[in-house]
Structure formats: structure tokens, C-alpha cells
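Participant: OK, Swiss-Prot features for this one:
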- Cys222, Cys225, Cys241, Cys244: Zn(2+) binding site (BINDING)
- 218-485: domain 'CoA carboxyltransferase N-terminal' (DOMAIN)
- 222-244: zinc finger (ZN_FING)
Amino acid sequence: MEKSWFNFLFSKGELEYRCELSKSMDSFAPIEKTTDRVIYDTDKNLYDWGERSSYYNNVDLLVSSKDIRNFISDDTFFVRDSNKNSYSIYFDIQNQKFEIDNGLSDLEVFFYSYRSSSYLNNRSKSDNDPHYDPSIKDTKYDCNNHINSCIDSYFRSHICIDSHFLSDSKNYNESYIYNLICSKSGKIRESQNYKIRTNMNRSDLIKDFDITQNYNQLWIQCDNCYALIYKKALKFKMNVCEQCGYYLKISSSDRIELSIDPGTWNPMDEDMVSTDPIQFHSREEPYQNRIDSAQKKTGLTDAVQTGTGQLNGIPVALGVMDFQFMGGSMGSVVGEKITRLIEYATTEFLPLILVCSSGGARMQEGSLSLMQMAKISSVLCDYQSSKKLFYISILTSPTTGGVTASFGMLGDIIIAEPYAYIAFAGKRVIEQTLKKAVPEGSQAAESLLRKGLLDAIVPRNPLKGVLTELFQLHAFFPLNKNEIK
């Protein structure tokens, strides 16, 4: 049975992360009663490693065994408070055990010998750390920073806690995670003067891509700050990095799930697939093979999903492009599906939402892909000008090329996500063509908003509420119960 060992520094004696320590030996009652709790040993005590004779007794768990299984299967954590009191916490999910010990082991010596320069205040390790072992090489500590960042990310994502970074040392950044304990009423209260402190060397994390690849089934790395994010928690965070706020790409299926009320989504034209109309020649990979591999990778037939559903009870027609399918490129199938969606919305007098995420027209289909720009713009003109219906365009990163030049910028209301890359031609193409440098950030959503090309920049979390208010402002209201078919 393999164990993993992690080193944590707790800034308060009471360990409140998912459990609460009671100083009373007589009281033992779960804080949150659940039918599926982790089995714990009531005889286990947390003894003080200092000179005091007091100790903490009994652990009341706030997490079910189901939650822990999603996190970790068999692991041991070393915990130390601000008074250098040290404890060992062991999880064995298979046998449903949760044990806390205070026995010093070689592994504890190994991890406790790891100190940052600011924590030691530039003093000698041998003078300040009784457990310091000079025979242990510093190279062994590289994985500790990586694992600390993994657990650090999980704490924030699954336990309703927030964080910010402070840097008071040249050698490392300290991550102070402020614990928010969820009360029974569902409200979040902040535990006063409590924080979990982990040491994380950001430069080591950026360089250590090999370790990240070994855990890629559990963690995903932010493209901006290179922080590790727990994959299962990423969906609940709407694919937003909790460290730097960077907006990671989100699949079309996940976006539909976030936007449309459960059980109301009705897809359209799912059986429409691309062919090779111009017999495009490629030295690397045939066009049809690329389509087949993209279909296997995404589970989609092409780079857009269209259909109807309800957004907070309001019937809408929705089209969502998926960048994972050949860069969200617009071919004949994408153009036809969007055209049919607009025509259906025109007939049924539905408000229209198109979520753009595309690299532009699909070059493998030549002029057939370019004509989709005119075809979609034509039906949009009838939808907006003749029928006086309401179209919202949502631009995500990246939105470029033919999509930007056509329906992407034709919305009655144009909304962009924060930091979205929106352009007609990419930075590299412009610089190679015009021989001029493109200013940094000039193609970001914030720059376009200042220049009047966008109506608003809305984060993912409040987007559904903003869309609801816009629809109600334009006289689109939720269906009554009697009107729901």
C-alpha cells in the first residue's frame, strides 16, 4: 500500500480544514451529521510537541467518504502549527480509516528539513531545526513544491476557500489560503485569524513540466501562471484559474450545460458531417483523417453545436462553437448549422445567442468556407432587420478571422469574456505583412471595449444572469408553467 507524504504549515493550533479539534475530552459529536461519514478513531489524540502538557482530543469530520474518494485514496499528511507542534494525519479510504498520530519518523525528518530562506530568516538550518539532516540532498525537495501546489489548489477548489499571494522573499512565494467554513445554512463564514500556509516555488513549478505530465489525468496546468488545477474542480470553477483568474478554454458541451436550464436542451442537425468537397491535398494528414480524429477527440460531428433550450425559463436559440474541433474553424457544415439555427429562430420568433470561439474560415474547404460568412450574414440581416428580433453575440478567446468579420461582430449586443483575444488577423500575420510591431494588448477584449467595438465584458459566473436581464429588457420573458410543453 503506497503512501504519499506532504508537508504543511498551519498558522493556528486548531486544525479547521475539513475537521475541527475539540479541547474537551468529554464532547464528541459530528458537526455535520451525514449518513456516509468517514470512520474515525475516538481514542486518537493530538499531543502537543511543545513543552506544554495540553493536547487536542477528538476530530469531528466535515467531509463524507465520497468526497475524500474523489480527492485521495491512501495518503498521510504531516501537519505543523505555528508553535511547531507536529502531527501525522493518515487517510485510508479503502478501509475507511482516518487516523492522527504524533510519532516522529524518518519521512517527517525528511520533509521538516525542508525550509525556505525567509522562514529561517537566513539562519543556519542546523541551529534552528533539531530534525535537520545534512545528509539529505536538496534535490529531493523538488517534488515537494509540486505536490504542495496540487493540494493547495484542491483546498481552494473543493472547500469554499479563497486565496491571494504575497511575496516577501526573493526565493519563493507564500500562498496564504484563507479558510471559509460552510455553515449548515449554506452561508459561508470566514474563520477568524486562520490560514493554511504552504511554500511554493513558482519558478520550479513552471519548469517542472515532466512531473505535471505524470499527473495529467488529475491536474491541468494554467496556460498563464502555470499553476496546477484539480480537473474535477475546474468544471465548478467554470474553467477559470483560481490563482490568476485566467480564462481557460471551455468545451461547447460544458458551456451549454452552464447556460441552459437542465432538461431543456434540444440539439439540432447533429447528424450533419463534413466531407472533403475540394479534395484538399495535405502532405501531413488528409483532411478527412483530421475530421475523424477531431470527432473522436471531442465527440462532436463538427466545430459547432446548435439547438434550442431555456435560459432561466426563457426560450432561446443557441449556437456554441468549440475550439477543440480543428480550432473552431468554420467550414460548410458549421455555416449550414448556424444558418439553419437562425432560420429556425426567425420562424419561431426566438432570441438568438451565438458563442464564438474560432480561428476563422477552414482553409481545407477553400471558397466554400469563405461563402459561409456571406450566407450567415444574409440570414442575420433578415432576422434582425426584417423580423426585428434580438441577437446577442458572445466572443470568447480566441475569436479571429472570418468569424470576426461576419456574425461575430453583428450582434445587437456584443459581449466578450475577460482577456479574450479578438482580432481579424493574428499578431504574427500583421507583423509579417506590415513589418510593424503590434502593441501588446491591442487585440484584447479590454482594448476593444475602450474603442467602442464591444458593448460589455462579462465574466462567466454572472453571464447567465446578465443574459436574462437583457432578454427581459427586450420583452422576452420566462414561460409560464401552463405554457411549457
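A Cβ is built for glycine as well, from the same backbone N, Cα and C atoms used for every other residue.
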Participant: Mind tallying the zinc finger (222-244) by DSSP state, helix then strand then coil?
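Facilitator: Counting residues per DSSP class in the zinc finger (222-244), I get 4 helix, 4 strand, 15 coil.
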Participant: Applying the rule Cβ within 8 Å of the centroid of the Cβ atoms of Cys222, Cys225, Cys241, Cys244, what extra residues of the same chain belong around the Zn(2+) site?
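Facilitator: For the Zn(2+) site the neighbour list reads Asp223, Asn224, Tyr226, Ala227, Ile229, Glu242, Gln243, Gly245, Tyr246.
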Participant: Report the member of Cys225, Cys241, Cys244 (the binding-site residues) whose C-beta atom has the most other C-beta atoms within 10 angstroms.
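Facilitator: Compared across Cys225, Cys241, Cys244, the most Cβ atoms within 10 Å surround Cys241.
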Participant: Run through the Cβ atoms and count how many others sit within 10 Å of the one on Cys222 (Zn(2+) binding site).
Facilitator: 18
